[in-house]
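Notes for the one structure printed next.
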Amino acid sequence: MLLYLVYFSSFFGTVLITILLSSFADLLLMKYGGKQVKKRSVVPWRRLVILYSAVSNTRKLLDLKSRSVDSQRLRFLHGMKFMSALWVILSHAYYCVQPDAIDSVFRAVELTESLHFQVVANGFVCVSTFIFISGFLLGYTLLQKRHSLRKKNAFVQVVIMVVRRYFRTTIPAMVVVLAFFLLPKLLHGPLAQEHLSKYYNGCSKNWWTVLVHINNFNKYEDICLDHYWYISVDMQLFLVASIVCVLMTRHMTVGAVLLVLLSIISSAVVLAQTFINDYMPLILFWNPDTDKSTETGEMVYAWPFIHFGSFAIGIFCGWWTVNKSQWRPSKCSQCFLWALSLCCTALVVFVAWPWNNLRMPSRGVAALYAALHKNAWALSLAWITFACATGQGGPVNAFLSWRGFVVPSRLTYSVYLIHYLVYLARVAVVTVPMQLHEFLQFKDFLGVSAISYLLAYLLYLVAEAPVANLEKMLLGQPASDVDRAASGGTARVPNGQGGTASSANGAVPNELHSKL
């Protein structure tokens, strides 16, 4: 343990010194570089020197100047990402607890009896929003450029997209794993060893599964950080979907049919798994049968099959937005679509109310819900996304496109990675029984959110921004904001500025693009 502490402390100390030196060099270049400083981004040695600069990287993070049509058109995605990130943090306020540390388990039963608490109890569905946005950006980007892409090598296109996404997602994730190894040495409390040992042993044994993105296939007791299942699933979905999308740029009908077939097969697998094994329709907040809950999470929720439909619907929504942007349904039809969308999302969330109170559905109903509820959620998002992207979103688009959401949205991936560690620290240091009172949990949610965004900014400086800068040096600077967004991290959104590490990634080679 002590040797690990020395290694990890040395690593983070070296990175901190590098950031300070790079920032100092950047300030010197800005002050004494004269006219050439404006060209430093195209001079290799200058770009290398400021790779870790907190000055330049922070400026890119805070830049709100949109320089492309698409970055303005899709700004609402920032709001969707930010709201979904807060939803994840709120749900984990209740899920990331140690049962031994709760003052009364019966309080959990009381919570599930209230209808409004289903937003927390069924908060797992919010992850489908990120998956849908990832699919939407991939489909929007590649299908928008389909005529140019037909002239290029398909294999090369897929490899470049996957390589960019791999480095953008994996390196920050591994930095957080390294930071986690420091927690047992830094935190001291009655439950510190008991609570952290499971995660410490899992990461010590299976850290490599994060590198190769198969962490979601580990058993619950062996997984390296519970919430990291999503990173692996997202990468697996992206790998398969990017191949299909490139096929769609050449043979649209064949690619679309293949995508539909894969979605149907994935849903059928989930339906069969749930029905045959009598799994739960979803992971329930309170269920005495903990083994069944764990098995449902391991064999259904953490596998890519249940999420493929959401990704595919996102791709089709991106294609529809590109090709049918002039479609304007009648006012009556729009009202119907908005009502249908809102009712569908409400049904997905609140239909689980009796199930969370242990009034379980039949095996057939449970299987149907497990197989279809995430697709239904994604279909609801599809209309909201299309409406906002084509100027039919009204007040919804105005709210989601608020400039104040842009910067925190760019930190969404880092926040997702790091917020769970804050909750682990909360349980590790607690010295009195925790109360599952909604006000107290909401207070913790606000505090954890603030701390998580602060730490996410540090992670952005340590890993996200430098990796993005280095990747663009090695693989070239993509020209389109949406192209950069398509292959980067967790549902990245175009930012209208070429260098923001949290939202800029390249999908295809430079020569295929033109500035929007």
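Placement of Cβ uses the backbone N, Cα and C atoms for every residue, glycine included.
According to TrEMBL, the transmembrane segment annotation covers 6-30, 115-143, 166-183, 228-249, 256-276, 301-323, 335-356, 376-399, 411-433, 445-463. As annotated by TrEMBL, domain 'Acyltransferase 3' applies to 76-459. Marked as region 'Disordered' by TrEMBL: 485-516.
Two recorded stretches are said to be in contact when at least 3 C-beta pairs lie under 8 angstroms, sequence spacing 6 or more; the transmembrane segment (335-356) and the transmembrane segment (445-463) fall short of this definition. Note on the transmembrane segment (228-249): residues 127, 130-131, 134-135, 138-139, 142-143, 145-146, 149-150, 154, 157-158, 161-162, 165-166, 169-170, 173, 209-210, 213-217, 255-256, 258-259, 262, 301-304, 307-308, 311-312, 315, 319, 416-417, 487, 490 of its chain, located 6 or more positions outside it, place their CB under 8 angstroms from a CB of the stretch.
Take the transmembrane segment (256-276) and the stretches 6-30, 166-183, 301-323, 445-463: counting Cβ pairs under 8 Å, 301-323 has the most.
When pLDDT values are averaged over the domain 'Acyltransferase 3' (76-459), the model yields 90. The transmembrane segment (6-30) and the transmembrane segment (166-183) are in contact, since at least 3 Cβ pairs between them lie under 8 Å (pairs 6 or more apart in sequence). For the transmembrane segment (301-323), the list of distant contacts is 124, 127-128, 131-141, 143-144, 216-217, 229, 233, 236-238, 240-241, 244-245, 248, 256, 259-260, 262-263, 266-267, 269-270, 273, 282-283, 370-371, 374-375, 377-379, 381-382, 385-386, 389-390: same-chain residues at least six beyond its ends, Cβ to Cβ under 8 Å.
Among residues of the same chain six or more beyond the transmembrane segment (411-433), those with a C-beta under 8 A of the stretch's C-beta atoms are 61, 81-82, 84-85, 88-89, 92-93, 96-98, 101-103, 169, 172-173, 176, 179-180, 183, 187-192, 195-196, 199, 225-227, 230-231, 444, 448-449, 451-453, 455-457, 459-460, 464, 489-492, 502. Taking Cβ pairs closer than 8 Å, the transmembrane segment (115-143) reaches residues 74, 77, 80-81, 84, 87-88, 90-91, 93-95, 149, 230, 233-234, 237-238, 241-242, 245-246, 248-249, 282-286, 301, 307, 310-319, 321-323, 348-350, 352-353, 356, 373-374, 377-378, 381-382, 385, 438, 480, 482-483, 485-487, 490-494, 507-508 in its own chain, all 6 or more past its ends.
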